[in-house]
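As recorded in Swiss-Prot, the features of this protein are as follows:
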- 12-18, 40-42, Arg306, 332-334, 414-416: GTP binding site (BINDING)
- Asp13, Glu14, Gly15, Lys16, Asn38, Ala39, Gly40, His41, Thr128, Arg142, Gln225, Thr240, Arg304: IMP binding site (BINDING)
- Asp13, Gly40: Mg(2+) binding site (BINDING)
- Asp13: active site, proton acceptor (ACT_SITE)
- His41: active site, proton donor (ACT_SITE)
- Thr300, Thr301, Thr302, Gly303, Arg304, Pro305, Arg306: substrate binding site (BINDING)
Amino acid sequence: MPVTIVLGGQWGDEGKGKITDALAATADIVVRPNGSTNAGHTVVTDEGVFKLHVIPSGILYPHCTCIIGAGVAVSPPDFLREIESLRERHPRLGQLYVSDRAHVIMPYHPLLDLYEERRRGAAGIGTTLRGNGPAFTDKIARRGIRIADLLPGSERSLRHKLETLLPEKNTLFIHLYGESPLDLDQLFEQARTWGEALAPYVIAAEVFVQDALDAGKSVIIEAAQGTMLDPDYGTYPYVTSSSPTAAGACQGAGVAPTQVDRIVGVFKAYTTRVGAGPFPTELTDETGQLIRERGREYGTTTGRPRRVGWFDAVAARYSARLNGMTEAALTKLDMLDPLPEVRICVGYRIDNQEVSAPPAQVERYAAVEPVYEVLPGWQCDTSQVTSFDDLPPEAQRYVARIEELIGVPITMIGVGPARRQILWRPAGALT
């Protein structure tokens, strides 16, 4: 039962789409287990650049079946627009399904997101304002609407649920935020229309995946966001609303941990994050700006500039251990090409005391002083290199040192956005 999990080892935006796309060339099924349209995965092919949000990265292979799992919060209009846009540019797509157990981002969820961020002002989380957090809040509070609730034949129960839910939302809109209420009839009609449009895609996804595994099919689970945004183990409260870890990937995809034999952690050769929250290695100088511009570090979904910093091996090792990574992919190595020296954060200090892992309390994490190891840069173009052995010795040393620090073999190295710009290495070859 070959299941591979691809997940982010940092704060998201590590290049998981590129790695999933590469692995999906020989996979039967790709499942998206978590997140929502707030995530963005980029795939570059000979046909151009494809920016995916909720649809798995394997969709560009006609042989690949793609599934949006139960752990995803689905915005029906965003999903329908995304699939239509893909069909216009790439007519030969893989098959696409959506779990009937996935929760729905309803029209009131983005409004709640927006109004709450406004209310918080400078203390805001920095969300993408897509309604992701409010949708997952309703899920955990057991008052969410699921895909199954929208389908034809469920109109009576759907209206009853909305009649129960909407007064609470409107109370918040009117009395907390000073905004206009939503109309029940309009909301019901919108949801019913969504259900009709979604119906051809809806399946019992967990049953489909388990049947495929029983038949010997290969499955990739493509997690969204990154481990350091996990609501339990990340920089809470500056986190996402669903688990981007290996455990969360299993839960959202309907796969048992014992069915997983490969966990690929994806890391950038430097570090980025979007929005507020602790970021010990952040660069606010010209070096940071150079990396941001070279790496086009602007959000796939929001277009917001990403914060940029040196590689944080403390957070990366924490992530590798937490997820039980069997191997790692290191992306965007070529973005560091011009630098005369590169730094790796090898330790944390707080009040002159060494800290071996990210602190749980966000205030303590914000007080971390990074301990750096300085390595020489390579100052030459690596984007045309086709094997690891052809990289400059300084670049090889940088990769090997990261591998040593995180304790996981680096088997893939990205030196550009295209499919061909991956250097493949057997596990353990760098040590």
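Using N, Cα and C of the backbone, Cβ positions are placed for all residues, glycine too.
Keep in mind the model is a prediction, meaning the values are calculated, not measured.
Feature map: annotations from Swiss-Prot on the structure.
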{"residue": "Gly12", "record": "GTP binding site", "contacts (Cβ under 8 Å, 6+ apart)": "Ala39, Ala224, Gln225, Gly226, Leu229, Thr240, Pro244, Arg273, Val274"}
{"residue": "Gly15", "record": "GTP binding site", "contacts (Cβ under 8 Å, 6+ apart)": "Thr42, Val266, Lys268, Ala329, Thr331, Lys332, Gly414"}
{"residue": "Lys18", "record": "GTP binding site", "contacts (Cβ under 8 Å, 6+ apart)": "Thr42, Val43, Val44, Thr331, Gly414, Pro417, Arg419, Ile422"}
{"residue": "Gly303", "record": "substrate binding site", "contacts (Cβ under 8 Å, 6+ apart)": "none"}
{"residue": "Arg304", "record": "IMP binding site", "contacts (Cβ under 8 Å, 6+ apart)": "Val274, Gly275, Tyr298"}
{"residue": "Pro305", "record": "substrate binding site", "contacts (Cβ under 8 Å, 6+ apart)": "Arg292, Glu297, Tyr298, Gly299"}
{"residue": "Leu333", "record": "GTP binding site", "contacts (Cβ under 8 Å, 6+ apart)": "Ala269, Thr382, Leu391, Ala395, Tyr398, Val399, Ile413, Gly414, Val415"}
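Of all the binding-site residues listed here (Gln225, Val415), it is Val415 whose C-beta has the fewest other C-beta atoms within 10 angstroms. With the residue listed as 'active site, proton donor' as the anchor, the candidate binding-site residues are Asp13, Thr128, Arg306, and the one with the nearest CA is Asp13. Looking only at other Cβ atoms within 10 Å, the busiest spot among the binding-site residues Asn38, Thr42, Thr128 turns out to be Asn38.
Note on the recorded positions His41, Arg306: the fewest other CB atoms within 10 A surround the CB of Arg306. Note: the CA-CA distance between Arg306 (substrate binding site) and Gly40 (IMP binding site) rounds to 13 Å. Within 10 Å of the C-beta of Asp13 (IMP binding site) we count 28 further C-beta atoms, all protein chains included. Residues Asp13, Glu14, Gly15, Lys16, Asn38, Ala39, Gly40, His41, Thr128, Arg142, Gln225, Thr240, Arg304 are listed as the IMP binders, and the farthest two of them sit 33 Å apart at their Cα atoms.
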